[in-house]
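S.K.: Supplied in structure tokens, the structure appears directly below.
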There are 2 protein chains.
Amino acid sequence: MGKGKLFVLSGPSGVGKGTVLDKLLSDFKDVQYSVSATTRKPRPGEKDGVDYFFLSREKFFKMVENNEFIEWAEVHNNYYGTPKIFVDKCLAEGKDVILEIDIQGARQVKKLYPDAIFIFLVPPSLNELKRRLNHRGSEDEKNMKIRLNNAEDELKEVKNYDYKVVNDRLDDAVEKLKSIIIAEKCKIREEDCQ
Amino acid sequence: MGKGKLFVLSGPSGVGKGTVLDKLLSDFKDVQYSVSATTRKPRPGEKDGVDYFFLSREKFFKMVENNEFIEWAEVHNNYYGTPKIFVDKCLAEGKDVILEIDIQGARQVKKLYPDAIFIFLVPPSLNELKRRLNHRGSEDEKNMKIRLNNAEDELKEVKNYDYKVVNDRLDDAVEKLKSIIIAEKCKIREEDCQ
């Protein structure tokens, strides 16, 4: 049994990373979700070590100090991070791990795991993203413009990725993601050539 | 729409390439089977241009002379070849093409299509290959030894391939093959980065 592979799912905000990943994980058991750490309180039904590692702020910042996160960020006054030890343990056990993360986080991951497989989830088109944002009904003209400019910039990041998956129909996007994982496991490794 | 991709399915004789490919093609319509040319007579139900291009010997050897085959070979006094024009036309139309071929043929394909995706189908183990050969009941001890030696040599070819698929359970092998095709279509291309 070889080492596991790390898959990184990223893409512009609002593209549907979470939905695609949830569906993948419910269909496909051969990949381990990378559990994040957070300082926010568990919601009803959430389990420590499954949904998140729930940490005190003290513990969280100790881990930040000790460089124990692959990346971390603040969102709405709570802190979230990806514990390196959890990912490394899974990989060493030969498990494949999938990590869902925003584009800035993905850049951090690339520095630490240059051999990870980077998958970029994109909307079918900028127009479609606009339509989806419009649909939310919460965007004024100016905010919409900023968001679309950001999305255009973010879409240029694709050049740093290995695969691109268009999130047009959910089932298709999930099948593509699953196919990428299965195919990567079939790639010839050095140990096959001995 | 970009150019199509060429997929080459190869592996030791007896490993089950034809069975895996037949099942793939019946499940999955997004790839075009590379139709071979042959000098043998059509069997009942076989259609020209679908199962084979049925050619006279004269026509076949004219094509050989004109380098119109990617590769060709003689089997039981009939001739078989892969017409280059058919493959090239499909690729230019943006269709993905899959070619099933023995290991020597695959080497020829690699010279003409270095960017093709090479997939190696292998038995679960040499012991399993032995068991399968034993099962045929038509091999004496000496022939068996020669075949197994050949298979061992052939398995070393894996280093020239991009992917390895173990033909353990048929459905799994077909799913892997299909996943490789889907994943390859998601790979970032130069035109994605402009």
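Just so you know, glycine gets a Cβ as well, placed from its N, Cα and C.
This is the feature table in TrEMBL:
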{"type": "BINDING", "residues": "B:GLY11, B:PRO12, B:SER13, B:GLY14, B:VAL15, B:GLY16, B:LYS17, B:GLY18", "note": "ATP binding site"}
{"type": "DOMAIN", "residues": "B:4-182", "note": "domain 'Guanylate kinase-like'"}
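If you look at the structure here, what lies around each of the features I listed?
M.R.: Classification of B:VAL15 (ATP binding site) by DSSP places it in coil, neither helical nor stranded.
Mean per-residue pLDDT, taken over the domain 'Guanylate kinase-like' (B:4-182), amounts to 91.
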S.K.: Quiz question: given the binding-site residues B:PRO12, B:GLY14, B:LYS17, B:GLY18, which has the greatest number of C-beta atoms lying within 10 angstroms of its own C-beta?
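M.R.: It comes out as B:PRO12.
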S.K.: Excluding B:GLY11, B:PRO12, B:SER13, B:GLY14, B:VAL15, B:GLY16, B:LYS17, B:GLY18, please set out which residues of the same chain place their CB within 8 Å of the center of the CB atoms of the ATP site, keeping sequence order.
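M.R.: Close Cβ neighbours, site residues excluded: B:LEU121, B:ASN167.
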S.K.: I'd like to know which of the binding-site residues B:GLY11, B:GLY16 has the most other Cβ atoms within 10 Å of its Cβ.
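M.R.: The residue with the densest Cβ neighbourhood is B:GLY11.
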S.K.: Taking the Cβ of B:VAL15 (ATP binding site) as the centre, count every other Cβ atom within 10 Å, in any protein chain shown.
M.R.: 23
